[in-house]
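Below you'll find the structure, written out as structure tokens, and then a few comments.
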Amino acid sequence: MEHSASGSSLGPGGLDLTNAFFKPIHNSDPPLPSNRCTKVSVVGVGNVGMAIAQTILTQDLADELALVDSKPDKLRGEMLDLQHAAAFLPRTKISASVDYSVTAGSDLCIVTAGARQNPGESRLNLLQRNVALFRHIIPPLAKASPDSILIIVSNPVDVLTYVAWKLSGFPVNRVLGSGTNLDSSRFRFLIADHLDVNAQDVQAFIVGEHGDSSVALWSSISVGGIPVLSFLEKNQIAYEKQTLEDIHQSVVGSAYEVIGLKGYTSWAIGYSVANLARSIIRDQRKIHPVTVLARGFYGVDGGDVFLSLPALLGRNGVVAVTNVHMTDEEAEKLQKSAKTILEMQSQLGL
């Protein structure tokens, strides 16, 4: 598939109509140098990739958007569909190609491509197929945009973020995964719903693996600045740990429920990843629970393992890992989650 992009030429011979529509101002100064355009690339134009692309467009986060996929017809169709909405969106150059050269000069590369699990297929076999796929994706991305930041969304996200780090050769601050950013959003929603408050007033994190061994940090939850558990204990308000565990399990099962009902997840992860993109591109210095190199934090050791921790994000990617409070029990669960991921990594041979 040939590289396609919006252009100003129309008609036979590619007639440039710009001069016909606009007259230059005589004796004017040359244009001042402007800030460099922001470019975002999305690899994979499935339901997740397109939800991310659409949200980035509507939130005006990029001057250029490049799409990459192995299916040329699907890719061109998605590009044209977005381009046809130009009158309703902020001005953004949209291009698409099966060739990774279209991503050249990207500030941010978001990878959503991945193999789906076949009936009866083991998780390890699926992982190995995705690693093979990443060997074709990450090196050309890194070559085309050596200064970019990589956000991995493909699952299993923790191990594949490690794989992307290894294959790209990028410093650890410029490789992260979407991790438990969405899990934490679901967590905040469920707590807010339970207390009948706005989810934006709830501060709560899910950390560790984006999966069954994730850890809910109950000890650090606050609502409107009030630490929840210490408030309950101080006021001698009884609560059951099982109630808390049920909420956590609802978070873990949320994606499965959505997939069971509509066949896939898309909108929530689209907003989640666009939220990460905003924090990075706009240098927001916001804290997000995302997949980062966790070795040396909260007692995690044993090797280079990527899992979700509350991290400060800015224009250079991961600025720092937040020193959030954890109980001994929570830290032990996090370390156990890290071992689960390390066991999967050990079978990859990277």
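Here the Cβ of each residue, glycine as well, is placed from N, Cα and C on the backbone.
What TrEMBL lists as domain 'Lactate/malate dehydrogenase N-terminal' is 38-177.
Summarising the annotation, TrEMBL assigns NAD(+) binding site to G44, V45, G46, N47, V48, G49, D69, N130, V153, S154, N155.
The domain 'Lactate/malate dehydrogenase C-terminal' annotation in TrEMBL covers 180-343.
As annotated by TrEMBL, active site, proton acceptor applies to H210. Taking the Cβ of H210 (active site, proton acceptor) as centre and 10 Å as the limit, one finds 30 other Cβ atoms among all the protein chains shown.
Taking DSSP states H, G and I as helix and E and B as strand, the domain 'Lactate/malate dehydrogenase N-terminal' (38-177) has 68 helix, 26 strand, 46 coil.
For the binding-site residues shown (G44, G46), fewest C-beta neighbours within 10 angstroms: G46. Residue environment of N155 (NAD(+) binding site) contains 23 other Cβ atoms, counted within 10 Å of its Cβ in all protein chains. Most Cβ neighbours within 10 Å, among the binding-site residues V48, V153: V153 holds that distinction in the structure as shown.
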